[in-house]
Structures are given as structure tokens and as C-alpha cells.
There are 2 protein chains.
Amino acid sequence: MQLTFDGETVRGGNEARERFYDARGYGRPQDGELELAPVEAAHLLFRGDVTAVRDDREGGRLGFESLLSSRAVSEVDFFVYKELRDRGFYLSPTDSADVTDFVVYPRGEGPWDDAVAYRVTALSERAAVDAGTLTAIASGTDAEQDEASTGVLAVVDEESEVTYLELDTPTSSGSTNHELPPFDGDLLSDRVLVPEPPESLHDHAFYGQRLDRDDDRVQLSLVEAAYLSSHGDLTVGVEEVADADAIIDRGREVEGERFDRRLRVYDALRSAGIVPKTGFKFGADFRTYADVDSVDDLGHSEFLVRALPADHSFVPRDLSLDVRLAHGVRKRMLFALTTEDDINWLSAERLTP
Amino acid sequence: MQLTFDGETVRGGNEARERFYDARGYGRPQDGELELAPVEAAHLLFRGDVTAVRDDREGGRLGFESLLSSRAVSEVDFFVYKELRDRGFYLSPTDSADVTDFVVYPRGEGPWDDAVAYRVTALSERAAVDAGTLTAIASGTDAEQDEASTGVLAVVDEESEVTYLELDTPTSSGSTNHELPPFDGDLLSDRVLVPEPPESLHDHAFYGQRLDRDDDRVQLSLVEAAYLSSHGDLTVGVEEVADADAIIDRGREVEGERFDRRLRVYDALRSAGIVPKTGFKFGADFRTYADVDSVDDLGHSEFLVRALPADHSFVPRDLSLDVRLAHGVRKRMLFALTTEDDINWLSAERLTP
């Protein structure tokens, strides 16, 4: 049985189609014969199902190592293909222009069925990936086919182990909504002190923190204070500028535009009925509580949120760090990709296909 | 009992000295009387030990809230001071020009003793801190006093909880040292494939990874390959340029100068007898093994290493993330602060004083 390679596609005859496509889901049929992507041929060569492929361009025969060295196959793609095959999946490489590198069929199904379980994009540990690409992986591009399938980033580390991250663009909302009477605070250098807070401020609406266990005074973070002030609840009584502007200026002094980004994300979460509190202990901007009625009965915080510019470039290592830590504390990692007037939400979770 | 504030120092008489310094370690004695830093006075006011301080400049009396609002006291410093007092420590503010904000005495001792347990620098969650400052905190500045004390970064988060990070400048070494015969490899796009590796390459010296469980071929990461090639062990046989340069160029194509940084750190660790392997699953550049004799008996990897430029500016949130994750997997977080020709090592660990 002869397979030939023209530099782009590996082709085989009727027997190859029967043996590799019909029986084991490699490649696609073309007029009764077989077309394989180079990564599929590399896997057949690696397994020893095929010993060599004839090189139509230069003559000679390509084995596994020479095909991998030829740059027709990225070894990053190969390791992902192999790992998913090892897990018992059939999968097909897509058009290389697509953000999706492989469509993976549900276990027990193959390219002759309609269903797709995962849309997988392969990435080297060393390569950065921008937020827009991650969002495209999460959302999918071909609406009909993609609806039921999961967008997955498969990162190949330097030991060629594959880590799968499930990406999604969730919308979430909560039910926290407490009316506050207007109140006064003192603007300190890094927060606002509220000497006589309305009772609901901390205990029900979960703004700020008591100064001490048995102390009724409440301290607000600058981001909380900026939000409350811009909504007319808090007055800090500075002179010459609006209260909210004074607080925001204080925030920017130390954080620059990161403060504005955090404030926009804070505002969006509060507007959705969700309480954001500092995520510092978890290395995030915020942890969130969806339905707060009383601080004595908070429930589990569900998300860790990181506020990032919409054009942020992710290093896979940092994604791995965030997702692993969030998983360890039973939370979901959520990236708030912010522009001046919009936020796109992107979640990432470890996946075992 | 009257305390007065001149804008810099709070002063009290003989009775105040007896009551606050002699009995409870606040301030320092001066000609039998008492001098307090504003943060110490704020704590006495907060506790109600003193009801107000006379303002010598403008007349009038300052309570806790007005002293805190006056900017004579940073509330970030105050929360750290209070937290350590709550834990039962006596501590003294230092000269504000020093990188150390507080010297903390061993439990049961105070400013009248010689020993210092911790040198503490207070920082807001929101404020960035550069690598040089962290190294100064770790090393201390006053050699004699600092020798036995621990450098600590105390981060005050937006809810005013304090997280303590112990900083150190460790030197570590291992005993891994295996002679390798020269061998050949194929340079792929993201790694090097070694079709016929010397047996010790992976199994003893722990370079690379087998291509598959039952496959003897070894794949090397580009950083491993660059190291081995520059030490004359590996030949990839590219034309026109030296092998190591070709590999380094491939590394830079994707990672830029990050590749050079990782390679320098890799080289320094290997030279110290330590085996660095990818730390991807832990969100780090490397995990390390100190004494590898056989991959079948690796032992626990001790450090997670992140290679950073020596002028890196740390966001406390990211420090928190790294340290928490490392702790969760029983490893120590190590930052390799690299310049062209030097590496400073900085470790960070969670501390409960």
C-alpha cells in the first residue's frame, strides 16, 4: 500500500481509505480514495501502521522523523493529535486558516457522524496568545456545528505533556441588591473610612470591612468608594472636585489605568447583582459572591476575576497558574477583557477530555 | 496625661513613658520622657488608651480618625502595626527613609532588648514593588542587627487583611552531574528530536522526555537543546551557523528575550548540579530537582523558579498567586532576577509570625 505526499496532502488509494478512514477515522474520503493531513500521516508513521510515505516532490521516502523535521507537521500539533488518539478519540485536523486546529468527535463516534465534542486549538507552552484568539476559541466560528461543542486550548509543555483548558464566554448574574441611605466618609490615602456607616453597608450589601471585629466603623477600598460615590451613596466632602473624581484620582496615583479597569469591572459585576471583593489571597483582582443577603451567610465565592485590557497577550504559563489556583479553591477563573466601554468575559477551566 | 503632636513626632512626659514604653513597648524614651511615631499614637488612640493628642501646630485635638486622615500616618502602616500587636508582638517603626518600616521583636521581648525577629515592610495590595526593593528587604541593610532577623513583606489587601511574605536570598546547589557522550539530534520547530540518544541522557541526567512510554527516542526542549549544544554534547547539524545559535534563534522567534533569560537561568541551575524541568503545570518557568541519579527515583521537586528581568516590577497580587500555588504543592517559590551576566535569587514564602 502506497501513500504519497505532495507537500500539503498525503494521499492513498481505496485500500488505504478502507483501512484508515473507514475503520479508524483517519483522513477524509475523496472519490473512494483517501486524503490525509500530514499530522495524520505522521501518527500512522509513528505507530508503524505505515512505514514510509513517498515524497512526490523530491522523490525519496519520508519516515516519521523526516516528516516531523520537514515542517509540514508542527510537532506541537502532533503531540496533541497523539494524546487525543491515546485517550481513544477520533479527531480531524481543520483548515489551517481556522483558529480551531482539530475537531474532536464524541468518544465512539468519528468523522462519518455529525457531532463534535471539542474544538481544539494546539499551542506551545512558549507561545503567547492574545485575548481575541482565546475568545474566538471559546465562541467558535461556525455557529451551527459549534453550538454543542466545547472550545479547548491544548497547551503542549516543554516535556510534551498536554494540558487542556476549556474556554467559555459565560454571562453571570446575581441577586444582591440593597438600598443604601446616603452617608459620609473620610478619604484616606489608600481607602475611605466611614465613621458612622448605615447598618446595611457592610452587613448586608457587603461593602468594605469593619475596622475591627467589635468596631462598627467601616473601611472601604478605593474601588468600592469610587463606585458608591459615583452612584450618589457616599460623600467624602473634598473641595473643588467631585467626590468620585477625587477618589478615582487617588486610585490612579498608585495603579494608573489598572484602577480604571478594575472600577469598570467592579461596576459591571455590582450592576449584575454580584458582589466583588478583593481576590488578593488568590492572586486575582476579585472574588465574587452572587447572592448576598447577609455577611453572616455568604456562601461560597464562585469566581476569581482578573481585569485585563481587551488586547492582553496571555502567556500559557500564566493561564495555567490562574486556572490551577482557582481549581484548588473550587472557583472558576474569569477574565474580564475590558475596553473603554465594553467588557468581554472569558472563563478558563482545566478539562480532562 | 497630655500627648502633643508637632507634625512629625508625638511626645509625652514621664508618666506616658512609664505607662506606654516601660510597660508595653510603645515609642522610645528620650530624657526620661516619651517619643512616639504617629502610627504608634494612632494605635493608642484606636485602642482608647489615649482619647486625643494635642496638635501643636494648629491647636485643637486629634482623635484616631483625624490623625489617620492627616496623612501623618499611612493606614497601610497602621493596619500592619495593629495586626502585629494583635498577634502579641511589640514592634517599633523605623526611620521612614529605610526600606524596613517596622522592626518586630521576638514574642515576649521588646525595644529594651537587643533581638529583632522580623524586619517588616508594609505595602498596599495596589502598589507595585520592584525586584531591587524586595531583594533589599530580603538582605537587610544593617548587617549586625539583621543577621538573625527575617525580611518580611506585609501586604495589606483591600479588606485590610495582612498577608506576610518571608523574603530571602538563598543559594542552592545539587549533586546532579552525569557525563554524556556526544550525540545527534534533529532541530524541529519547537524542540529537538534525538533518534538515538545515549542511555544516560534522559534516564540519568534527566534531559528531555521519551517520545512515548515504550519509545527510546528523546525529545528535548529548545532550552535543554541550546544548553547541551553550547556545551558540545549535542549536534543538530544545521548549515552556516553554529548549532547552539540556530537553536537559540528558534527559541527567540517565539519567546524573544524571555528565551535568553530562561536559558541563563537553566544554565546556572545545571551548573549548580540542579535539574530544571518545565514548571508549566505550576505556572512557573521551571521546577527543580537537586539530586538526580535516576528518573525512576526523582524525589520531590523542591523549587518553582520564575525567570524575570532584574528590574521587574512585582504586583503584590502576582506574588500572592505564585507563593500560594507553590505552597499548595509543597515547593518554594524562587525568582531568578537576571541581568546579562548575573542572577540574583529571591525566594518568597507565606509566613505566619
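Just so you know, glycine gets a Cβ as well, placed from its N, Cα and C.
As written in TrEMBL, here are the features:
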- B:Tyr289: active site (ACT_SITE)
- B:His300: active site (ACT_SITE)
- B:Lys331: active site (ACT_SITE)
- B:1-58: domain 'tRNA intron endonuclease N-terminal' (DOMAIN)
- B:184-237: domain 'tRNA intron endonuclease N-terminal' (DOMAIN)
- B:259-345: domain 'tRNA intron endonuclease catalytic' (DOMAIN)
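In the three-state DSSP classification, B:Tyr289 (active site) falls within a strand. Ranking the active-site residues B:His300, B:Lys331 by how many other Cβ atoms lie within 10 angstroms of each Cβ puts B:His300 at the bottom. If you measure from the Cα atom of B:Lys331 (active site) to that of B:Tyr289 (active site), you get 11 Å. Annotation note: B:Lys331 (active site) sits in a coil segment as assigned by DSSP. In this structure, the CA atom of B:His300 (active site) is 7 Å away from the CA atom of B:Tyr289 (active site). Around B:Tyr289 (active site), a 10 Å sphere centred on its CB holds 20 further CB atoms from the protein chains shown.
Annotation note: B:His300 (active site) sits in a coil segment as assigned by DSSP.
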